[in-house]
């Protein structure tokens with residue numbers, strides 16, 4: 001690898017770490033509010049986040065074609081730096097407006113962070129490809145990208161637990177973050193002259209829409225002759241767009257569209273790892289101790305596992321593991337998903353350690369989401385509270401290890417399998433799906449909390465919104481379009497799943 005490429009890669013990894021260090025959006029997520037105000041703000045934030053994350057793939061592609069990925073990333077960083085500076089000044093001069101300023105600045109920080117990370121990853125993918133790097137370099141970069149991003153987040157969350165009680169801590173953190181953003185901007189401007197600009201000959205979105213429209217309108221080859229077919233099997237409708245069957249597209253363009261359609265459902269499944277795990281019962285008891293802050297209010301335990309695992313894998317396991325024992329990308333991803341599922345069962349088993357003794361000693365109904373029955377909530381456990389913290393670390397470590405394998409495996413899979421012209425679009429889809437799952441997962445828990453609290457208002461609102469969405473889809477005739485896209489991609493299993501979900505939702509409308 002050239003010295004120029006090494007410098008760009010090291011700078012980009014440093015950017016990910018600095019971007020998340022002392023980030024106000026991360027600090028604000030652990031701020032102690034009243035439950036009602038916190039739920040209202042998070043509900044609005046997640047609703048707006050879904051609207052911002054949906055166009056993320058198109059934005060990344062548009063930035064890559066029109067302006068350049070690095071230029072757009074620098075512009076986003078400048079906007080974030082201005083917001084950070086305004087937040088610091090206003091929090092010092094006038095503390096009465098800090099809540100209003102924070103409610104505006106935090107979403108901007110959150111969205112800018114995701115958009116910046118998406119653009120820089122697309123930028124590095126193009127740089128590594130133009131530098132003729134091996135696939136092993138892509139894998140190594142993905143692992144260290146995850147390490148740097150989680151290291152920056154851990155610095156922020158550890159500082160939030162240690163210095164939460166200090167006055168004006170958020171103002172000091174914002175000033176430090178502003179300094180980091182200035183470093184990112186200066187270094188990005190410095191390496192801008194070393195970058196390689198890739199010129200697109202075909203817009204990937206236009207290519208995908210053109211191929212699908214052609215396949216939808218044409219059931220047979222345009223040039224029917226004795227020389228049309230020379231394969232044993234008749235070509236599919238999407239293959240009819242190839243030039244050898246009389247279509248207007250090159251064979252590589254049609255194959256790129258087919259690859260895109262096959263990768264998209266896999267991304268939908270792989271990124272489901274971002275559905276948040278939330279505790280609703282005894283594990284949500286408020287404690288003022290530092291261990292409780294590290295384990296329950298933040299993700300420090302998960303970050304420690306990732307920070308240790310990445311160097312261990314890169315420097316020991318990967319170089320010295322026999323080639324026959326190495327797992328492929330999909331096997332590592334599947335192993336990661338299995339570990340995450342196993343960790344969730346571990347959390348349930350730990351909650352049973354609370355619920356079962358409570359049922360035996362106090363004739364209490366076994367309910368995993370029931371709140372604590374006294375101030376501590378742990379007097380009926382068969383283990384002490386201190387021991388419970390250590391037991392809680394077991395599924396936490398398993399969950400973080402599984403998440404690491406899934407995240408790195410899915411990103412490696414996108415880097416390796418995506419067509420060159422559609423790589424930015426697929427990376428944007430990966431980030432879009434992952435952040436939407438995180439937002440929707442938080443919102444899906446609220447109806448359960450409402451049902452536990454004795455009210456069904458939120459549940460009824462959810463079903464009302466679902467009914468309106470289904471009726472809108474039916475009016476727009478999107479059902480047949482979705483089925484056709486799945487059909488041309490040869491995803492029969494997804495067609496069956498989609499039909500089952502659609503029939504189930506229609507039953508909900510009928511029942512209502």
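Just so it is clear, glycine is given a Cβ too, placed from its N, Cα and C backbone atoms.
Bear in mind that TrEMBL entries carry predicted annotations, made automatically and left uncurated.
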**Report entry** Which listed span TrEMBL calls transmembrane segment, if the choices are 334-356, 357-379
**Finding:** 334-356
Report task. May I ask you to check whether the transmembrane segment (7-28) and the transmembrane segment (138-159) make contact, with contact taken as at least three Cβ pairs under 8 Å and only pairs 6 or more apart in sequence counted? Result -> yes
Report summary line: Comparing 40-62, 74-93, 259-277, 389-413 for Cβ pairs under 8 Å with the transmembrane segment (425-445), the winner is 40-62
Query raised in the report: Does the transmembrane segment (389-413) make contact with the transmembrane segment (138-159) through 3 or more Cβ pairs under 8 Å, each pair 6 or more apart in sequence?
Result: yes
